[in-house]
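Participant: Before I ask anything, here is the structure I am working with.
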Amino acid sequence: MGHPLRHNGSHPSNGSAGEAGPSNGHSLGISTVTPGSLPPHILGAIRPVQPPGNLMYEDDRDWYHEPESHEDGIESTDDGDMDEDDGEAKHNKHRAMDRPGVGGGKRMPVEREEAVRLMLQGLRDIGYHQAADVLEAESGFHLSTAAASDFQAAILGGRWSEALALLPELGIPTASNTVEPESSSSSIASGKTKATMMGKGSGSVTDQARFLIAQQKYLEYLEVGQQKKALGVLRGELARVAKDQDVLHTLSGFMMCLDKDDLYERAVWDGASGASRRQLLEHLQAFISPSVMVPSRRLATLFDQARRHQQMTCLYHEEPDSSSLYVDHRCESGQFPSVTTHVLADHTDEVWRIEWSPDGMQLASAGKDKTVVIWQLKASPKEGGGTQYNVESLHQLRDHSDPVDAMAWSPDGKTLVTAADKTVYVWNTKTGTQRPRPSAGSQHGDTISAIQWLPDGSEFIVASMDCKVVFYSAAGNMLRQWTAFPLQLNDFVITPDGKRIVAITTPLKRVNHNDRLKQAMSARPSDDSETIGPAPVVLGPNGGPMQPFQYATMEHSIAVIRIVDHEIIDWSQDLRCETTSIRMSSDGRKVLVSCTPDEIQVWSIDPGLRYLRKHTGHVQGHFLIRSCFGAPKDRFILSGSEDGHVYVWQGGSPNPIEVLSGHRDVVNSVAWNPVAARRIFASCSDDTTIRIWQPPINVEGGMDIATSAEIVEESEGMVL
Amino acid sequence: MGRAFRIYLAGESVLICRQCGNHLAVSEGVMSKQFTGQHGRALLVQQVVNTYTGDAEDRDMRTGRHTVRDVFCRVCHTTLGWKYDFAFEHDQKYKEGKFILEREMITEKPESKRDLGRPRIEEVPVRELLARV
């Protein structure tokens with residue numbers, strides 16, 4: 001029965017879209033005076049249709065679990081009606097009809113009136129006023145009541161008395177009947193804080209609405225320089241409804257503004273021709289029932305929410321590009337670097353640590369064989385577009401006295417600082433030669449735990465297990481030294497602004513236990529002969545029972561240290577687990593902390609230290625395992641694991657989305673290439689190899705499988 | 001094997017390797033100071049850390065026959081003392097599983113002033129550092 005109307009509605013509206021255009025810019029979303037309206041005689045010819053039921057599908061339940069016994073036969077007539085109704089809405093709602101509800105459940109029915117009114121708003125916002133008129137006529141639903149439309153027009157047109165007169169019709173009573181006690185004063189100086197004020201419920205609804213309107217009126221008078229009239233508003237209207245003297249005081253202060261721009265700035269308000277009237281309308285919306293006046297841009301908001309939700313739940317999401325609403329957004333897993341393209345086997349013993357140079361074209365690897373290898377990434381264009389990277393060994397830095405576990409690239413990539421036990425080495429990465437070490441003798445009385453450069457490249461900072469933090473110039477001269485005793489810095493990072501150190505720390509002190517100070521230790525559970533833990537009660541030399549001897553575990557926490565005055569400005573509670581590594585996110589707002597046993601924690605550091613979430617699934621019990629963020633936008637979290645796999649997590653999900661196999665022994669560290677678009681990461685292992693991971697070749701470049709197999713073979717051959 | 005951290009201890013005082021400063025035991029774990037080793041006075045302690053042991057052998061000692069293993073510092077590999085695996089004499093059984101640390105090979109590091117508040121970081125004057133070099 002809807003057929004003739006649909007023709008009527010959709011086709012002519014195309015022609016008049018341009019006509020409706022100009023009105024858009026001014027009052028998108030709430031224009032009710034519609035230039036593109038159909039003549040009354042055409043509208044009159046439209047038959048109102050009132051099919052029963054809401055926007056829902058009785059057979060939805062088939063899509064996910066056993067259909068409940070339901071009288072399908074009876075409902076099916078309804079179904080037919082629904083389909084016709086949807087025909088009109090296809091333009092906007094197509095996506096939602098393609099699939100079962102989010103999460104595999106049944107779609108919730110949408111009330112007919114809501115669906116129609118949202119569509120009406122969408123149509124009007126997009127400029128199809130004729131179609132909207134037809135829909136209003138056919139459905140009998142209106143986007144807003146006549147009063148609401150007039151009210152919107154009055155606010156947008158600056159006709160304040162008309163707007164005030166319409167308030168009762170919008171459900172806001174004329175007189176304030178409830179006078180609440182005065183709310184705590186707050187300095188409300190700007191349009192921005194209007195919303196806060198409303199939230200506080202100072203005064204009755206009427207007073208608040210009237211206040212908002214009067215405030216706009218007052219500011220507009222000031223804007224055009226009519227101080228007298230503005231004063232009249234202030235005394236006559238604002239004073240009556242404002243519940244807060246401070247607000248009035250602030251508002252009256254705007255009288256003193258030198259000119260318009262001064263007023264805009266001080267009132268944080270953009271004038272009558274700006275967005276302020278629209279904002280006022282949005283603030284007033286809070287007092288008006290949505291059944292009277294649909295909140296503006298509601299349909300667009302819902303679409304946006306849908307899009308965001310899909311991106312949030314997209315497992316491999318990388319780009320925030322505009323996704324189509326026709327289909328659910330989903331990034332292909334094929335783009336994830338899940339394939340080993342190179343196995344680098346120059347090391348002769350366990351590889352403990354890998355670090356990319358800042359430009360991501362070189363990789364340094366270090367380990368138990370006392371050697372650091374610098375690898376060069378070589379980009380080669382691929383058949384069928386894209387880039388394939390090859391890896392070659394560039395330098396072997398050999399003169400280390402002990403196994404190497406800490407190293408850091410200078411921000412310009414020209415220098416690599418490494419540390420073996422208590423000694424710092426500074427290397428020229430271009431020549432692979434060691435720079436002379438001016439500081440004779442080591443400043444460090446114990447193993448060096450971590451090295452980091454200041455972001456400006458002027459200094460590097462070295463922390464050692466004897467609770468020392470030493471600052472060196474880029475050339476390697478000692479500049480300053482801190483003693484943090486009893487605080488041991490196990491690992492640390494520096495914020496991108498170069499002002500703070502975020503460290504995982506262990507205070508070397510006895511712990512309180514049952515009101516007794518107890519001897520304590522900080523350690524990873526060890527797999528050799530040391531016996532740690534409760535000892536059996538044995539007889540002492542005198543024959544009496546001896547106290548069982550047991551160590552308590554020391555506290556482990558995150559500390560934020562301001563570099564300029566070495567003050568600890570933030571401090572987490574005891575993490576109740578051993579911490580092994582810390583990494584900073586690329587935006588400098590989050591840190592990733594690897595913990596024993598089997599846990600990775602994410603903390604935000606701005607504005608204060610705050611625990612966000614944890615990720616589990618990997619194995620970390622005995623060794624120093626490192627994790628990293630994976631770009632872009634740090635959506636991925638990767639970690640090594642003692643079971644020889646690389647674990648990958650995404651977003652807020654605690655469980656891994658990928659477990660990548662290849663290494664034959666403990667994976668000690670992972671590192672994502674700093675150039676996010678390259679989609680490369682590296683992992684290193686006790687099996688003495690480093691693996692380079694890239695997206696599957698045949699998927700990315702459209703190569704056939706034979707070619708890609710060849711390349712893998714080639715690359716393996718190169719290094720072995 | 002991966003990278004394992006050394007163990008750090010805190011107690012009334014920490015017994016450390018004289019050679020390299022490696023943490024070995026805490027004074028709370030000392031059972032007796034009346035022992036004698038190859039280099040004079042020795043301590044019997046309940047537990048040691050950051051060490052490894054050699055092969056078991058039977059030794060005749062003043063208190064009888066024992067099966068023992070030498071104990072080495074894991075960092076500098078110095079011989080620090082031994083571990084009792086087995087005591088042949090019944091009244092010496094309490095030593096089983098315990099360790100001897102020779103006074104000569106270790107030093108005692110007293111606990112620093114206890115400050116239960118937030119730790120403070122202090123800057124060491126550079127002049128002092130340079131004088132030390």
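Every residue gets a Cβ built from N, Cα and C, even glycine.
Pasting the feature list from TrEMBL:
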COMPBIAS  A:24-35  compositional bias 'Polar residues'
COMPBIAS  A:62-73  compositional bias 'Basic and acidic residues'
COMPBIAS  A:74-87  compositional bias 'Acidic residues'
REGION    A:1-107  region 'Disordered'
REGION    A:177-201  region 'Disordered'
REPEAT    A:344-378  repeat 'WD'
REPEAT    A:397-437  repeat 'WD'
REPEAT    A:660-694  repeat 'WD'
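What's the neighbourhood like for these features in this structure?
Facilitator: Note on the repeat 'WD' (A:344-378): residues 389-398, 400-413, 416, 418, 420, 427, 429, 432, 624, 626, 665, 668-675, 678, 680, 682-686, 688-692, 719-720 of its chain, located 6 or more positions outside it, place their CB under 8 angstroms from a CB of the stretch.
In the predicted model, the repeat 'WD' (A:397-437) shows an average pLDDT of 91.
Residue counts for the repeat 'WD' (A:660-694) under DSSP, split into helix (H, G, I), strand (E, B) and coil, are 3 helix, 17 strand, 15 coil.
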Participant: Counting each residue once, how many in the repeat 'WD' (A:344-378) are helix, strand and coil under DSSP?
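Facilitator: For the repeat 'WD' (A:344-378), the helix, strand and coil counts are 0 helix, 20 strand, 15 coil.
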Participant: Counting by DSSP secondary structure, give me helix, strand and coil numbers for the repeat 'WD' (A:397-437).
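Facilitator: Counting residues per DSSP class in the repeat 'WD' (A:397-437), I get 0 helix, 21 strand, 20 coil.
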